[in-house]
């Protein structure tokens, strides 16, 4: 645990510094802002590859998608903590460099940065202070865990499933059509593409619902059943 945490704390800032140094040496015509921006994206890409690879390993190693456990899922959470902290600093550094180039003076304040990037900062803060503790404490019986599960279901349903009928409704509202008329008024390939996109969302939502049922299924309920 501590070794993974320390490794992430050294890996991500070190990789960022190495990328910035290499870009400034290999591309002397680039500004400092260019090097910082590209280095930030390179580190983010490396993290995305590592996260995707870890997810593939975990999925292929667990036979039960509901109760299956893998050591990499636990360890990667600790590896994620220093990345989120680093990425918050990297975002501030990128914003600072852009502001300096525009105003020729480093006038960016922390308050302005938080105001411009409130959604991303909130995303990082929720992962650090809510999702990480919930994933590490393993207290599935607590109220916090259950509330988090309900919020996950609600946001998944709203943002990944109801988004599709909302898009159809918005188009119909603009064109003066009812919701049922929209699928017959747009190109067929649009309906096919949307079907391919929503199908896995519905499947994953069903898996989340099954897990939620198990979460709230108490021993007493099982006995009564």
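Just so it is clear, glycine is given a Cβ too, placed from its N, Cα and C backbone atoms.
Features of the protein shown, as given by TrEMBL:
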type	residues	note
DOMAIN	33-217	domain 'TLC'
TRANSMEM	41-59	transmembrane segment
TRANSMEM	71-92	transmembrane segment
TRANSMEM	119-137	transmembrane segment
TRANSMEM	149-171	transmembrane segment
TRANSMEM	186-206	transmembrane segment
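This prediction places the mean pLDDT of the domain 'TLC' (33-217) at 79. Below 8 angstroms of C-beta separation, residues 177, 179, 182-183, 186, 194, 197-198, 201-202, 204-205, 208-209, 211-212, 215 of the same chain, each at least six residues beyond the ends of the transmembrane segment (149-171), sit close to that stretch.
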